[in-house]
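K.L.:
I'd like to ask you about the structure that follows.
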Amino acid sequence: MYQFNSKYELKSLLRNGWIQLMTLLLLGLFLFAFYNGNEKVDKRKNDIQAAFNEVKESDQNMLILLDSVQRGMEVSASRWTIPTKPMAVGNYHPRVAAMNPGPLAFVATGQSDLFSHYIKPKASGDDMALNFTEISNPVQQLFGSFDLAFVIIYLLPLIIIAFTYNVLSSEKESGTLRLLASQPISMRSWVFQKMGIRLFWVVLMIGVVLILVSVIIPSGVNIVELLPVFGVTLGYIFFWFALAFAVNLWVGSSSKNAIALIGLWLVFVLLIPSVLNQMGNALYPMPSRTLMINEMRSAKAEATKKQDQILDNFLRDHPEYAINDPNQNRSFYHRYMASQQLVREELQPVVGRFEQQLQNQQQWISQLKWISPAIIVQQELNALAGSSTKDYENYRKQVTAFAESWRQHLLPFLYSNEPFSTDDYENLPEFQYQRLTSDTTLISIIALVFIALIGVILGFLKGVGSQSTEKFITQ
Amino acid sequence: MIRSTLIKELRELLRDGRVRISFFIVLLLIAVATWISKTQYTITNQQYQQADNEERAVWENQGEKNPHSAAHYGTYAFKPKYPLSLVDQGVDKFTGTSIFLEAHKRNEAQFSQAADQTGLARFGDLTPDFVLLFIIPLLIVFLGYNAFTKEREMGTLVLLKSQGTPIWKLILGKWLALFLPVFTIVFLLFIVAGIVLSNLENFGVFNWQSLGMLFLIYMGYYFIFINLVLFISLKMKKSGIALVVALATWILACLAVPKAASNIAESKHPYPTRQEFASNILQDQKEGLDGHDPWNKQAKLLEQKVLKEYKVDSLEQLPFNFDAYRMQKGEEHTAEIYLKHYKHLKTQFEEQSKLYRGLAVLSPFLPARFMSMAIANTDYATHWHFADAAENYRVELQASLNGNFAENSAYGEWSYRANADTWKNMPQFGYDPPELGETLTTNTSNLVILSVWVLGTFLLLFFTTKKL
């Protein structure tokens, strides 16, 4: 019977054009999503490369200047920018701290449209002044990106729903169910088989489309690296098929099924995430950034007062005069860097509060994400792509640490009044971004399959007992 | 006949359990969303008031100081939240709320709410605009997909035909039956929003006209969906198919096209990165006048020009402090450079907006979204308006600080300190968002596109069907 069933299904799916339509639809959607994701990653790479090139160029100039000064020649640059001064190196020749995209970055835009992917921390800037957000048209952020994650999380379930909502009801509505009921097979296993065949086709097509698309659009990613993405997608597909299976058995007519499934889609994909987000915000509210500015201002004002002299105040704003004044030559940056250190320390708890709350919210989501497979998939794809909240937090921390080591590398020159020379150039610290790896992929896939199994069991529970087939027909 | 169709349809809807449940859910969603937004709105505005007052106090109590030190010390411009953000939050979450105003530099607005949220927030927030723009069209699909197909399926179509009523009367009856529930929900929401807003004390300017206009925009948006859903129901043979087609339309209009549009806009007319933008400005500044650098070539030229103009031969003989004068000239020069670069950003933004308008052919969601945000003063254009106002204030503040410095001190007198009262006398930053009339004029094209959609779908529904 199974053989007949699958043969018949395949034939009818091919004849009414479902398989062809679906392949084309999937191919089109995946192609567009791949293309968009790739474009974003390419832009990111190019931007970072351009920044490195710029630094390289300015380093060449710096080395030439250094060389001239060391050989006692007259140079035309403004005096306070001459790189024998360590602070001039620290402020006018910062390094690029770049967050290079990982191999799967094109999969999910995630938070990457909000943040910068390279920053040049200066020695005298405070960490508060490091702005990690990117300038962009907020409309793009509001609408979101048409990336692979969008196709998988939002559209794939809808395609599955369109493919499966009337598996049982259409037979009933066209009157063929009575014929089927005469066959020696239980209604549940029959629907299960039909679903299984469709599931097989969807999975096969997605596999083929993924391979095809990664051949058409060369993103430098090999198929093996795509496997985790494929695994998560598979788990998500299982879940929606299981849901459709249960709804087909429990609900009734085609339109009722469709409405029930769309309702569930709405609940899992739109409502649960936004309600959880809202609750997370209510439980762990972010402190106000505007009020933080007030605190920051008073901390800085305090620090400024401690630098008693008005000349100091003035010189802080005007390093060029600090250099002109022989008496202040050493004490200006000495005092300034010291007071900066103080402000940083004082503001640490204020800034830390934000990071802490963000972590709390993230924690809250990781505990409750199991309620909706859509959240599991979103979090997992973002983590694989390296564009999750955690990744950017990790990057921020690394950059702040790098800013500190940049300062600490140059401060000894400042305090010992030693000029920076061409030999020291080699030893300047470089930033290397350490990527996070996602270790939850397998757990996520298992969880998705487990949730899917619950759906299948729910479906099988329908009509357990005698005369179950009759119920389906007369329902 | 219109009336009896209407009554019959409404009765059917009322008796349908699914309709009652979905109606109830939508009402609940709206109530929760409005309550959340209201709480958020009140808290944000209290914080804004507090921050604004404290910042002004910090500025006024600087004590005796060199005006240029005060300029570097700077001040902040905070962006208030506007009453109608209760209905549509727009892009508020993604734009910064405070701009640091200091000497020599135009800063971007800092601290967007989205940057402080987890990735979950990208699914969307439970706000009234989410319900109005996404959920209610979906409700229309659910209520109306089988308006005509059910007649076909139940065989009542034959009976209807025998009545000999013109089709348009039948369509109009069904149309009204679909429209009335939607109208009731949205009308309730807007009345409640209006009452809530007019009872909040001293928070921004709320007027009923804007709210009314917003209501009209949403009505237009729903007209389009009602027309499309009924049209699909007319043309399809089976309820199931009609539902799938209507849903596909919804997905395309509300989800797929906006996202695709965002990708296209971004890749066709990209913004520079923050670092790129900053280094481009730096590049331009290097070539121009540096107010701080007396040895700069441009500074030397300025020196000669001023000496010639006042017919004196040394800077000490000038009736004002040349240091401050040069600084002001430098300030004006940088302001120009910033203007140029921000103009470039603005051009990109306008190009992107044009692209969105072009793609509105595919989705009525786009013009409705843009109109709604614009009227609620939560769109990107309002943000630009605010940022420009802050920049104008900054330029004026710098001019008056440098003016104070130039008039009250002699050349080289860097130790000059303005007295403690100076800061109180400087004007305070104030900002008024564009009025309704102004918003409508700048958004005429979106308004036109929306109207074309409304008219077009009405024509489609009433004039393309000759017989059932």
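Including glycine, each Cβ sits where the backbone N, Cα and C put it.
Whatever TrEMBL says is automated annotation, not expert-curated.
Features from TrEMBL:
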| type | residues | note |
| --- | --- | --- |
| TRANSMEM | A:12-35 | transmembrane segment |
| TRANSMEM | A:148-168 | transmembrane segment |
| TRANSMEM | A:197-217 | transmembrane segment |
| TRANSMEM | A:229-251 | transmembrane segment |
| TRANSMEM | A:258-276 | transmembrane segment |
| TRANSMEM | A:441-461 | transmembrane segment |
K.L.:
Flag the pair the transmembrane segment (A:12-35) / the transmembrane segment (A:197-217) as in contact if three or more Cβ pairs fall under 8 Å (sequence separation 6 or more).
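P.N.:
Contact confirmed: at least 3 Cβ pairs fall under 8 Å.
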K.L.:
Are there residues at least six beyond either end of the transmembrane segment (A:148-168) with Cβ under 8 Å to its Cβ atoms? List them, or say none.
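P.N.:
Distant Cβ neighbours of the transmembrane segment (A:148-168) are 18, 22, 25-26, 29-30, 33-34, 37, 106-110, 177, 187, 191, 194-195, 198, 202, 229, 233, 236-237, 240-241, 244-245, 247-249, 254, 257-258, 261-262, 265, 268-269, 374, 377-378, 381-382, 385, 472.
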K.L.:
Does the transmembrane segment (A:441-461) come near the transmembrane segment (A:229-251), with 3+ Cβ pairs under 8 Å (pairs 6 or more apart)?
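P.N.:
Counting Cβ pairs under 8 Å, at least 3, so yes.
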K.L.:
Using a Cβ-Cβ cut-off of under 8 Å, list the residues of the same chain that are 6+ residues beyond the ends of the transmembrane segment (A:197-217) and lie near it.
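P.N.:
That would be 5-6, 9-10, 13, 19, 22-23, 26-27, 30-31, 34-35, 38, 159-160, 163-164, 167, 223, 226, 230, 233-234, 237-238, 241.
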